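According to TrEMBL, the protein carries these features:
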type	residues	note
DOMAIN	22-141	domain 'Poly A polymerase head'
BINDING	G27, R30, R111, D154, R157, R160, R163	ATP binding site
BINDING	G27, R30, R111, D154, R157, R160, R163	CTP binding site
BINDING	D40, D42	Mg(2+) binding site
DOMAIN	169-227	domain 'tRNA nucleotidyltransferase/poly(A) polymerase RNA and SrmB- binding'
DOMAIN	263-393	domain 'CCA-adding enzyme C-terminal'
Amino acid sequence: MNPLFKEAIPILEHLEYHGYEAYFVGGAVRDELLNRSISDIDIATSAPPEEVVKLFEKTVPVGIEHGTVLVRHKQKSFEVTTYRIESGYEDYRHPDKVDFVKDLHLDLSRRDFTINAMAMNKNGDIIDPFHGQSDLKSNTIKTVNEAAGRFQEDPLRMMRALRFVSQLGFSLEERTKEAIMEYGYLLEKIAVERLAIEMEKLWLGKHIQQAHQHLVHTDIYRFLPCFNKDHDLVHKSQLHVKTPFSSLSEAITCMHLFNESFTIDYWCKEWKLSNAVKKDSLQLLQAFQAYMQYKELRPDILYQLQPQLLQPFAHLTTILIGEHVISEADLQMQYDHLPIKSRNDLAINGNDILKLKPEERPGPWIQELIKSLESKVLFGTVKNNKEELQEWVRAWNRQEKG
Ligand code: ATP
Ligand code: MG
């Protein structure tokens, strides 16, 4: 058993001690059986949420109206959710009604796919009323109960099916696939924030090519923001994206480069993405454009990328220019050799500059001067040492006074 489960066993035992049932459920059980790494563990219990809050010392009522309480145990958090069933999704966002139930099987029956509808007890025994283990063996994504009804109830599940294809490389069971083709249009009703979570996982999945094939084949891309306005986008994705994107911002930059009339701003607005994603996407775009202009990886391009964008940048060039144009290892090595990695590394700062020019008042000229110093240092015209930089500032002084 994965150590993360072992760490959570005392939570199950504590609930059982007080007369309740408690099991590991959902994605973690699936990933354990697949020998995949596990990020977060979900626990389902027959205890009502108020009881869970009472029974543990440290809890956070993250979604208590839906039965979810975060239990803190030895500096880790575990989501404990009361067995529940849901009914009606009038707003296509939240179930109209959540009912807490006493029966684990009922809780498992509300889950989306058979591979996600298994429970595991503290001894590692699997409870599997919908034959998820057999679908895991045959690499199949199949809804719990009849697909058409389950997708009409919550259309997001169709997007989830494709993101599981992307993450696991599984096939869609025939009826599940047919229902996606029939009810895909319902995705238009889903809150875009929910879609974006699944789209990001799809873009980052190992089997992205397979997921793209399904996006095309089932036609559901027609009901996704941006893809619905340029049908070529999904075909270009299918043709050129052979390995997973390394970040959401890389995917957005790439989509923009597939059709430049959809700006990064537009993508982020349509998909309601964060400013952080927008910022990284724009930075990647700038670097990519500079690279295309100079046809070489100038130090100022690398400097602007920052370490977290090196891998996305290398991958982006693979998609848009071709394989082996720039390897990530090369990029990293060149980055490591930069004389400075950020403005803080510069051996001179704004105060030093002001001291050298006592007659000047502080103003935007300081930023400009620092910028040109950064560039000189990056290109090796000046060494990053205080004396040389001071000398250069003095020279700049003299020149200006001319
Ligand atoms: P990941 O490893 O990406 O977190 P996951 O399977 O844990 O995958 P979550 O979105 O975290 O996915 O959901 C946890 C569990 O809740 C799922 O395994 C599934 O049983 C259930 N679930 C989540 N979303 C839905 C949904 N829209 N409809 C039905 N069941 C759902
Ligand atoms: Mg999860």
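Quick reminder: no glycine exception, Cβ is built from N, Cα and C everywhere.
TrEMBL entries are annotated by machine, without manual review.
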Which whole-number value in Å describes the distance between the Cα atoms of R163 (ATP binding site) and D42 (Mg(2+) binding site)?
20
So if I take the binding-site residues (G27, R30, D154, R157, R160) and measure from each Cβ to the nearest atom of ligand 2, which come out below 6 Å?
G27
Filter the candidate list G27, R111, D154, R157, R163 of binding-site residues, keeping only entries whose CB is under 6 Å from an atom of ligand 1.
G27, R111, D154, R157
Which three-state DSSP class does R160 (ATP binding site) fall into?
helix
With the cut-off set at 10 Å between Cβ atoms, which of these binding-site residues ends up with the most neighbours? Options: R30, R160, R163.
R30
Using DSSP, what's the helix, strand and coil tally for the domain 'Poly A polymerase head' (22-141)?
32 helix, 41 strand, 47 coil
Determine the Cβ neighbour count for R111 (ATP binding site): the number of other Cβ atoms within 10 Å of its Cβ.
22
So what sits near D40 (Mg(2+) binding site) in its own chain, CB-to-CB under 8 Å and at least six residues off in sequence?
G27, A28, E79
Output, ordered by sequence, the same-chain residues six or more apart from R157 (ATP binding site) with a CB under 8 Å from its CB, or 'none'.
D112, F113, T143, R150, F151
I'm trying to understand the geometry here, so how far is the Cα atom of R111 (ATP binding site) from the Cα atom of D42 (Mg(2+) binding site), in Å to the nearest whole number?
13
Including all protein chains shown, what's the count of other C-beta atoms within 10 A of the C-beta of D154 (ATP binding site)?
20
Over the domain 'Poly A polymerase head' (22-141), what is the model's mean pLDDT?
94
For D42 (Mg(2+) binding site), what residues in its own chain, 6 or more apart in sequence, show a Cβ-Cβ distance under 8 Å?
F24, V25, G26, G27, A28, F78, E79, T81
Please give the maximum pairwise Cα distance, in Å and rounded to a whole number, for the CTP-binding set G27, R30, R111, D154, R157, R160, R163.
21
Which residue counts does DSSP give the domain 'CCA-adding enzyme C-terminal' (263-393) for helix, strand and coil?
90 helix, 0 strand, 41 coil
